[in-house]
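Chemist: Structure incoming, see below.
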Amino acid sequence: MWGLVLLGYVLFVIEWFVIDFIRGSAASLLTEQTSAVPQYGGWFSSFFVADAGFIPGQATNWTITLLRAVGSILCGVMVVKFGYRHAVMIMMGLMCVCFPFLIIGSPLGGHNELTLLRPASSEVISKLTKISSSLQQGQLLGPVQVGSQTMLADGTPVSLIKGINGNEIGTSASMTGYAFFIIFRSTIAIGGTTLIAYAQPIIASLSSNRKKSILSNANFWGFNVGLVIVAAPFLIPGVGRFATANWVWVVTFMILLVFAMLLVFAWFEKKVDHMLPQKQSKTNQSLSVRPSALSILKRKTTWKLLAIAGVGTILLINPLTQTWFNSLLAISGAKKAIIPTARPILLILWVMGYLLGYFLLSPFNKTIYDKKRWLHFIFTANAVLVLLIVIFAATLGLNTVVGFTFVGIFTFIAGGFGWSLGSSILILPYEYKEYKRNEVSIIFGYVWGFAYVFYSIFDIITSVFLDAPRIATGNTSANILPGAIAAIVLFVSLLLVINWVIIYLPSSWIKNGDECVSEMTKKWRITQWQFLIANKAKNRYADLLK
């Protein structure tokens, strides 16, 4: 059952990153001087003739991330309102109702008024003198500019809207289409994000704290495996070109997979629904204590947990972003990395670092050590590793074999520490005295929801930092090094400052259901790594395990 929910989350991650990878490029504005027949692919060419700039591009991600936050916060309330089974099915269904964005983003043979591509008329073809002999009447083309006149390929006159960077980016109709495209795409994000929170009530129903630790740690496999499945094939240029050219069919296939997953879950979950949180009717509300979402949010421990989860989420997501990669390029003084696939390779190394963390660091979560010192160690180690990545990028550069190799190695190591930190944070609600099992779905809804809010704020600030030199000078090719340095300093500072919050965390407890058995008072020292070989009752370190 836990595996089904996690598989649904894996499908979400795959679908989400596939849509990002098959984005394609802008349609570009055709003129009399255009010397090559354009090749259109991906959904971006349906709406834009030029890039709108870094900040507007990031603003789309901010909007979607904030919507994911809202969905995550509400997911716990939905369990109380509809019961676990129906709450999960609603969110899987929400992922499926995104399908209108396929229609909105497809040119539909040039008949979609919300896109820029139109069947070329003979009159327009004759004006594109350098490529007219290579064009056919009815061929899909983007907007054309002849002199001061701008028109669609079918001859319809249009006016282009300027973006924040001064570029003419599209028509009012295509911008409207893009807005609808993002709205329906957001349903994938809202529905998919909540599934990782819905894996937690299943874990909470387990009697063994050790099993809870193992499955909480394994939850991250969903994201990491999904990203690797997407990124690895795109290292082959032919795969990327094919997927981008056929993006509608690729995404349609993904939506059908999610729908199939919904049907499988509905069939299987019906057999075990009685074991999980049920809808709170007036009758059973009077027989049991109903968890209050507001009362949980008012607790000081909740906000401490949210702060730590927020910084942890920033740590996990930031190295996956274009902002981080651009920052590394800026401090290395290079316009581009040594190989075109540098960013996908670093993405894969970061998420594959989870393997290192899973076997080397995450076993700590199964011990009876107090978690505070461990959290101090992991956050501080991550700050040091991030600084090492920055130092290697600045001194050796991303445009050299040696520099990229060292950045890649330490990205993998930092990923191990980062993902193990995530699993350490997720185990905390199960060990805190004041949280009960029937509150788990609400708590993790808050954890994921507010974590995305904190990350969105961080992403907005760092994106503004990075683009500030260009905006201030009005020069789109201005050096972004000052902004990159500011973004890196903020990133490292958060990893260090959060140690102050950790000091005030409550103690962890060994629990049997909601019963607190014993407080975890054993203090961990950096020289104590016996938990790596402890295996229940088979050796002298078994007392370290729960």
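For all residues, glycine too, the Cβ spot is worked out from N, Cα and C.
Below, the features straight out of Swiss-Prot:
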- 2-22: transmembrane segment (TRANSMEM)
- 62-82: transmembrane segment (TRANSMEM)
- 88-108: transmembrane segment (TRANSMEM)
- 179-199: transmembrane segment (TRANSMEM)
- 220-240: transmembrane segment (TRANSMEM)
- 248-268: transmembrane segment (TRANSMEM)
- 305-325: transmembrane segment (TRANSMEM)
- 344-364: transmembrane segment (TRANSMEM)
- 377-397: transmembrane segment (TRANSMEM)
- 401-421: transmembrane segment (TRANSMEM)
- 442-462: transmembrane segment (TRANSMEM)
- 485-505: transmembrane segment (TRANSMEM)
Chemist: When you scan the chain for residues with a C-beta under 8 Å from the transmembrane segment (88-108), skipping those not six or more beyond its ends, what do you find?
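Modeler: Residues 5, 8, 12, 15, 43, 46-47, 71, 75, 78, 82, 114-115, 117-118, 140, 177, 180-181, 183-185, 187-188, 190-192, 194-195, 198, 247-248, 251-252, 255, 258-259, 261-262, 265-266, 269 contact the transmembrane segment (88-108) from elsewhere in the chain.
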Chemist: Where among 62-82, 220-240, 485-505 do we find the most Cβ pairs under 8 Å to the transmembrane segment (305-325)?
Modeler: 485-505
Chemist: Same chain only, please: residues at least 6 beyond the ends of the transmembrane segment (248-268) with a C-beta under 8 Å from a C-beta of the stretch. Say none if there are none.
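Modeler: For the transmembrane segment (248-268), the far contacts come to 1, 4-5, 7-8, 11-12, 14-15, 18-19, 22, 85, 88-89, 92-93, 95-96, 98-99, 102, 105-106.
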Chemist: Report, as numbers and ranges, which residues of the same chain sit near the transmembrane segment (485-505): CB under 8 Å and 6 or more residues beyond its ends.
Modeler: 301, 304-305, 307-308, 311, 314-315, 318, 323, 327, 331, 371-372, 375-376, 379-380, 382-383, 386-387, 390, 428, 458, 461-462, 465-466
Chemist: Would you kindly check 2-22, 179-199, 377-397, 442-462 and say which stretch has the most C-beta pairs under 8 angstroms to the transmembrane segment (62-82)?
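Modeler: Out of the listed stretches, 442-462 contacts the transmembrane segment (62-82) most.
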Chemist: Can you tell me which recorded stretch out of 2-22, 179-199, 377-397 has the most Cβ pairs within less than 8 Å of the transmembrane segment (442-462)?
Modeler: 179-199
